[in-house]
Amino acid sequence: MVSSRRGFNPIAFTPWPVTILSSLVYLALIIPIIVVHHLVPPAPKESPAGVDLEEAWHDLQHLTRQYHPYNSHSNDEVHQWLLKRIHAISATSARSESQSGPEVFVFDDNQTNLTFSSAGVAATAITGVYFESRNIVVYIRGTEDEPGEWWKSPDGEPSGKGGVLVNAHYDSVSTGYGATDNGVGVITTLQLLKYFTTPGHYPRKGLVLLFNNGEEDFLNGAYAYSQHPMSKFTHTFLNLEGAGAGGRAVLFRSTDTEVTRFYGKSEHPFGTVLARDAFKLKFIRSETDYHVFDGVFGMRGLDVAFMEPRSRYHTDQDDARHTSIDSVWHMLSAAITTTEGLVSYTGDAFDGDSGDGGKLNNGIGTLGVWFDFFGSSFAVFQLNTLFGHSVALLVVAPLLLIITSVALFAVDKMYMFSMYTYISESGGQVSLYGLRGMFRFPLILGISTALTIALAFLIMKVNPFIIYSSPYAVWSMMLSTCMFFAWFISCVADFARPSALHRAYSFSWMFGIMWVFLVIATVYQKQHGIASSYFIVFYFAGVAVATWISYLELFGLPKTQDYARRQGRLSDRTPSSDSHFLAPSADELPSSSSAAGRDFNPEDVEDEEPTESTSLLRGQQRTTFANYASARGSQESNISNQGNNSLHPKDHRLEQKWSIYLMSSAWILQFLLVAPIVIILLGQLGLFLTSATYQIGADGGSQLVIYIGIAVLSVLILLPLFPFIHRFTYHIPTFLLFILIGTLVYNLTAFPFSHSNRLKLAFVQEMDLATGNNQASLVGVEPYIHDAVHAIPSVQDGKISCTSHGYGGRTKCSWPGLKPKVAEGPYKDWVSYNISKTKDDKITRFEVSGKNTRACKLLFDSPIADFHVQGSVVDKRLPHTGPKGVSEIRLWSRNWENTWTVDVEWTKKNSERTGKVMCLWSDDNDLHVIPELDLARKFAPWWVAITKLRDGLVEGSYSFKL
């Protein structure tokens, strides 16, 4: 007996299951991704063995009481405090031991100096640097290290396996307290000293802890470490940094797969290889000490750092108040796991010929791919593995589809790409409508993508900085735009020309597009070592299998000849120009035993006899789009089924009539093959990119690239819905339309900055010591720089000068400032210099000294050929000049009011030997020392944060001409 009501299938390809299930999958994955990205795992209530979190927090508070740049007296105080803490921790560990613990050697490096250049480090012209070290080096002898103090011999060399270096710089910038840049790194390193001198945690290989000084001013401390004997011993490293102000510590970079695996064992790993590629491709312009350890020394290691929010980076909000013990524990736990793995490793992966010209004999690593899953697990594998899978997919996937297509043609079941077929007996033509919907997907994708990207240009035109404080409003707008218009266009197309092949054609188009993307990704993997395209490999793999399933579904259809014969018989009994809209009755459906298991036989199906209960509207075409949803619902109630829920539901009977034989539940398998992995990988990548870039506009970075990036990522994240989106009910798209309208209005009209997301403006005060004239300046973006400058009481409207300032289109506004009080005595005596000629006319000697400072400069209007600082070490690994000469020499001393003697060699082109002698002052811990900076901090709008422009807050100079 025929049931009067069709059985319910919760995963059928009908509007409600498609809408509910797909929405639940997206929400179930996106919400945890956002939560994991922003919430830091809590620190344990009780400190684990070997560490003391309460002690670490108190150390952080002490370290960040004042600004402590290299050129400040508070930096000396931090240096002395660190020495006391190191000795105290070592002594405490020694007293608590019942057995003999590891030897601990502390080196207060007050002898090392070095001359080097900025070539390859900064984007500016070549700059020469002379630096005197204030580093603190701690060596914990490993249980398997060779005994003796080889470093005391001038030519001493370590023996055995190489050691492990953990580095953290203890200087801050002059405008930030340095809680995360790099206070947390420093106290983490102190806790590592405590941990590895605690019984049960002694290192097998030697561990070197480097507290380096001078990173903020040019990576100077890391360069100086090259002259310390311990630099010969360390083969691997872990660099601890901060480029934000809290949150999770991220794996920024890693040199190779082998060293990354140790980090991957952390309890809460966090990061993606995308960051490494961004540095490699110069998308990220700033550098950390990692650059020196890897690029200059040839060491193998990792760069772990905080990365957001950048609005607090290098400002007075980089303090203990704006970080947390949870962030401390996140970095500390990762550092313990990574370091413990490295010092316990006894293999040969980090020893042997490195093939880098003899920098270090630390073996050869392999380029790696890595990314985390929800901050709790970590995938690490070689780039060669990714490349191999990419090539295999590029070859195998198309071949599989071709073979399947050939098989479908062979069994006469290829309905795709077929307009009609012929009845072999009569020669009559029967339409299959197999091309219907073939070009629908590119239309949907093209229009929805174009509209989403158009919003990027609109926001950039009207309110370009809105992302600075409201990145999720931008994301919501982009996602809503893409989703709503993709659904709307799909529904219009489905209303006009319903097609059961929409899914198959959509996946076929996605297959082709992702195949092209994978070709490009594979080329970059091989030729440039770019690994961040890993998501394309997974994306394509899912799409390829989903596409194959769509082709396999066609095997369940009747042969086109059998279908043609049946339609020929029906048309003889029901002549109508609109016969292609008629659907088979309930009795025309195959039974559950025959639907997909055997070929269609027209004799198996009987026509339904009309009765007084037969609907008069049966098989009638829809007449209005307004009735789109209701028509589907009413049809469902009027359709009977013989209990086979695996068949295509008949409420979509305006599609091709043969579609009733397609599997109704296949869509859910296709969706689960593509959507979850895409949401996870691209969702995490999208948030990572957003966190790294959404506030770079204040530094002159291109924000249009960010908006377009979010638009493209939004499309890629929602793309797995496109093959099914025509089945969505109107409820969620309508809700998203309201979200789109609300976020669009907000993004176009809202003020882009807030108390938590202040616009950074960079300060410097330049003083001509010969005349006493000085110019205070703020550098920032238009138009906000003008509002900030005019809010300062000392600024007079008629004396403001604003000019373009270098990279990123920022503006520099200058005005006569209040005279600073950075040194005692008349300002003309703040800098002393003497210029004398030597026997060689090409060489001139400069003697330079400054009051209450240990940083000066020589600037040349045209580059010089070479220079030499008396008493300096020169390392052949670190050239201090280049083919185009040197335009600036930076001089750093560990002693206050030092006198530098510099011999300068001019080039033949130096017909006029002109330039400046300049000294810098960076200590702003006392009020009224730099009164103009005090006024800027006090009276600038609440949405402004003041940071440094260059190494010195105050620059005092004399011009010279020889």
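A Cβ is built for glycine as well, from the same backbone N, Cα and C atoms used for every other residue.
Pulled from Swiss-Prot, these are the features on record:
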type     : residues         : note
TRANSMEM : 16-36            : transmembrane segment
TOPO_DOM : 37-390           : topological domain 'Vacuolar'
BINDING  : H169, D181, E241 : Zn(2+) 1 binding site
SITE     : Y313             : site 'Transition state stabilizer'
TRANSMEM : 391-411          : transmembrane segment
TRANSMEM : 441-461          : transmembrane segment
TOPO_DOM : 462-472          : topological domain 'Vacuolar'
TRANSMEM : 473-493          : transmembrane segment
TRANSMEM : 504-524          : transmembrane segment
TOPO_DOM : 525-534          : topological domain 'Vacuolar'
TRANSMEM : 535-555          : transmembrane segment
REGION   : 568-617          : region 'Disordered'
TRANSMEM : 668-688          : transmembrane segment
TOPO_DOM : 689-704          : topological domain 'Vacuolar'
TRANSMEM : 705-725          : transmembrane segment
TRANSMEM : 732-752          : transmembrane segment
TOPO_DOM : 753-962          : topological domain 'Vacuolar'
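Features per Swiss-Prot, on structure.
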residue	record	DSSP (3 states)
H169	Zn(2+) 1 binding site	strand
D181	Zn(2+) 1 binding site	helix
E241	Zn(2+) 1 binding site	strand
Y313	site 'Transition state stabilizer'	coil
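In the shown protein chains, 26 other C-beta atoms lie within 10 A of the C-beta of E241 (Zn(2+) 1 binding site). Listed in chain order, the residues near the Zn(2+) 1 site other than H169, D181, E241 are A168, G178, T180, N182, G185, E215, E216, L240, G242, A243, T288, D289, A305, each with its Cβ within 8 Å of the site Cβ centroid. The transmembrane segment (535-555) and the transmembrane segment (391-411) are in contact, since at least 3 Cβ pairs between them lie under 8 Å (pairs 6 or more apart in sequence).
A separation of roughly 12 Å, to the nearest angstrom, links the Cα atoms of E241 (Zn(2+) 1 binding site) and Y313 (site 'Transition state stabilizer').
For D181 (Zn(2+) 1 binding site), the same-chain residues 6+ apart in sequence whose C-beta sits under 8 angstroms from its C-beta are S172, V173, E241, G242, A243, G244, A245, F306, Y313, H314, D318. For H169 (Zn(2+) 1 binding site), the same-chain residues 6+ apart in sequence whose C-beta sits under 8 angstroms from its C-beta are N182, G185, V186, F211, N212, N213, G214, E215, E216, G221, A222, E241, D289. The transmembrane segment (441-461) makes no contact with the transmembrane segment (16-36): fewer than 3 of their CB pairs lie within 8 A, with pairs spaced 6 or more apart in sequence. For Y313 (site 'Transition state stabilizer'), the Cβ neighbour count at a 10 Å cut-off comes to 25, with all displayed protein chains included.
Same-chain residues lying 6 or more positions outside the transmembrane segment (391-411) and placing a CB less than 8 Å from one of its CB atoms are 511, 515, 518-519, 522, 537, 540-541, 544, 547-548, 551-552, 554-555, 559. Only residues 6 or more beyond the boundaries of the transmembrane segment (705-725), in the same chain, are considered here, and those with a CB under 8 A from a CB of the stretch are 13, 18, 22, 441, 444-445, 448-449, 452-453, 455-457, 459-460, 467, 474-475, 478-479, 481-483, 486-487, 490, 502-503, 506-507, 510, 539, 542, 546, 667, 670-671, 674-675, 678-679, 682-683, 685-686, 689-690, 693-694, 696-697.
Same-chain residues lying 6 or more positions outside the topological domain 'Vacuolar' (525-534) and placing a CB less than 8 Å from one of its CB atoms are 272-274, 276-278, 280-281, 367-369, 371, 383, 386-387, 390, 681, 685. Within the same chain, residues 311, 690, 694-695, 697-698, 703-704, 706-707, 746-750, 752-754, 756-757, 759, 781, 784 sit at least 6 positions outside the topological domain 'Vacuolar' (462-472) and bring their C-beta atoms closer than 8 Å to a C-beta of that stretch. Secondary structure of the topological domain 'Vacuolar' (525-534) per DSSP, as helix, strand and coil residue counts: 5 helix, 0 strand, 5 coil.
When the topological domain 'Vacuolar' (689-704) is classified with DSSP, helix, strand and coil residues number 11 helix, 0 strand, 5 coil.
Per DSSP, the topological domain 'Vacuolar' (462-472) is made up of 6 helix, 0 strand, 5 coil.
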